[in-house]
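According to TrEMBL, the protein has these features:
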- B:71-277: domain 'ABC transmembrane type-1' (DOMAIN)
- B:20-46: transmembrane segment (TRANSMEM)
- B:66-92: transmembrane segment (TRANSMEM)
- B:104-128: transmembrane segment (TRANSMEM)
- B:154-177: transmembrane segment (TRANSMEM)
- B:206-236: transmembrane segment (TRANSMEM)
- B:256-280: transmembrane segment (TRANSMEM)
Amino acid sequence: MIRDTTIGAKLWITAVWAVVIFFVLNLAAMIVAVILSSFGTRWLGTWLPAGFTDRWYFAAWSEFQLHDVLIVTFQIAFIVVALSGLLGVTAAYALARRDFPGKKLVMLLFLLPLLVPPITFGIPLATVLYQAGVGGTFWGVVIANLVPTVPFVILVMIPFIEQIDPKIEAAARVFGANTFKLFIHVLLPMLVPGILAALLLVLVRTVGMFELTFLTAGPTSQTLVVALYYSVFASGVRAVQSIDAMAVIYMITTLVWLLIALRFVNPTQIVARAKQAPAQQ
Amino acid sequence: MADPQPSLRQRLALRGIDGVTLLALPAILFVLAVFIYPFAYGLLLSFEPKEGGALANYQRFFSDPFLYRTIATTLWLAIPVTVISLALAVPIALRVRLMTRQRLLTTILVLPVTLGTVLVAEGLLNYLGPQGWFSRTLMLFGVIEHPLKLTNNYWGVFASLIITGFPFTFLLTLSYVTGIDPALEHAAATHGAGAWQRFRHVFLPLLAPGLAISACLSFVQAFAVFPSAILLGAPAGPTRVISIAAYQAAFEQYDYSMASAIAMIMAAVQMVIVVAILAFRNLFYRGSTAGGKG
């Protein structure tokens with residue numbers, strides 16, 4: 001390691017860490033403020049709420065019909081996870097094992113939905129879904145959420161599958177396994193960590209996906225994040241504390257899955273999608 | 001026909017198309033149906049306005065200041081956010097790279113990315129509000145006399161974009177920075193290069209491709225700002241961003257043709273900036289980030 005001992009270098013390093021600490025402090029304070037507010041009785045013009053209570057959680061639970069919203073959220077999230085796993089892993093296997101004309105084009109096709117922001121493609125997509133009659137329904141939301149998650153699973157899984165020695169598959173073939181058996185008995189057990197990581201990230205992304213769900217959801221197919229948006233949007237109507245209670249419930253539903261996912265992946269992989277492992281071998 | 005050539009099946013297999021390749025087909029068809037088709041449909045729809053000629057939507061967009069100013073408004077948010085995120089991300093990533101235990105910091109920073117803009121907007125409404133801790137702390141230290149107005153205006157949206165955008169850019173940059181062989185920096189240091197020289201002549205050229213990608217992705221994300229511009233900003237005026245215009249056209253005026261036109265303009269602006277960034281990046285070095293021979 002190179003040591004810089006000049007005054008300038010030390011000042012620079014201090015400044016860099018000061019920025020990091022400033023950022024993390026603000027982030028933490030923002031989250032803590034939401035949590036405190038959700039447990040506070042009255043919070044006006046003071047550093048801390050006047051007293052603490054848990055009644056806002058009961059209020060939020062009944063006011064926002066969180067029971068129904070949570071059930072819908074998890075139904076949508078788990079169906080999206082299952083379908084994107086099914087479509088994504090099989091396609092990733094084909095792309096990892098075969099070279100065919102037009103493969104680059106196919107990879108570009110899968111890259112685009114991840115690069116184009118959801119609101120840009122969400123509006124034409126919502127238009128098409130409404131015309132097809134699935135807009136505003138449960139399945140409309142599922143389809144819209146699958147648009148970025150299927151390519152996401154594919155791009156995460158390709159490197160995982162490439163790591164597996166094709167000789168193992170050849171051996172299974174020699175012993176008479178067909179493609180389906182090969183998948184179930186040979187590939188799947190070896191791919192479990194990769195699939196688990198990819199699907200957990202899909203779950204986190206679907207629970208937190210605002211734009212696509214917002215554009216395609218109807219009154220009965222709202223997920224938690226969209227319900228949270230509507231309550232913040234109409235924030236004069238409800239007590240701030242019950243909106244914050246809902247925000248805390250949303251945070252918990254997202255962070256639980258994130259923490260589980262982080263046991264399998266590195267945080268940098270969540271944004272750096274397909275990129276894996278350092279460049280040098 | 002008694003053809004001496006191998007069968008079609010064999011010829012296809014030689015080119016890499018067989019049963020296994022077909023496994024990619026469902027996903028390809030799916031993405032074509034729900035991504036490419038709506039985009040193409042939207043593009044065509046944008047040329048079939050409710051009234052007027054084929055280009056009426058675009059003419060209306062570029063003649064109505066309430067509509068065309070949304071481009072400038074959005075750029076005025078997205079460009080500073082991208083530049084600041086990147087300017088902070090690079091030096092921080094270069095320091096964090098040297099840490100042996102980065103996991104805690106990266107985990108903290110991935111939180112706002114996962115929580116999403118709606119939650120950050122709700123949190124900031126409270127935290128940056130006139131009674132919030134931010135203004136309160138500044139007043140405690142005597143920096144300001146009266147609470148700052150940081151919500152329901154430009155700064156609220158700006159802060160929320162930094163809170164979600166900076167960690168995203170940072171984690172992306174970190175993944176590129178850690179991909180550079182440390183031996184290259186050591187070699188430069190052995191030859192007497194100072195910290196700035198090592199950055200300018202070793203890291204910057206090697207990072208250029210990664211930084212260009214990070215800049216593109218963070219710009220595109222910031223340009224698509226939507227919920228926080230409504231919740232934390234002033235959606236009728238200073239933070240009426242382009243996505244709000246598209247949303248209102250589609251879901252308030254039910255003019256899907258106009259909404260598609262705005263979405264296409266949005267995509268076009270994003271593409272122009274991305275192409276500009278990539279063209280600028282081409283002025284730099286291209287090559288391996290690994291050390292050793294080659």
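Placed from the backbone N, Cα and C atoms, the Cβ positions cover glycine too.
On a predicted model such as this, the values are computed, not experimentally measured, just so you know.
Where the transmembrane segment (B:154-177) meets the stretches B:20-46, B:66-92, B:104-128, B:206-236, the count of C-beta pairs under 8 angstroms peaks at B:206-236.
Residues of the same chain lying 6 or more positions beyond the ends of the transmembrane segment (B:256-280) and with a Cβ under 8 Å from any Cβ of it are 41-43, 45-46, 48-50, 57-58, 60-61, 67, 71, 74-75, 212, 215-216, 219-220, 223-224, 242-243, 245-247, 249-250. Using a Cβ-Cβ cut-off under 8 Å and counting only residues 6 or more beyond its ends in the same chain, the transmembrane segment (B:104-128) has close neighbours at 96, 134-135, 148, 150-151, 155-156, 159-160, 163-164, 167-168, 170-171, 174, 225-228, 231-232.
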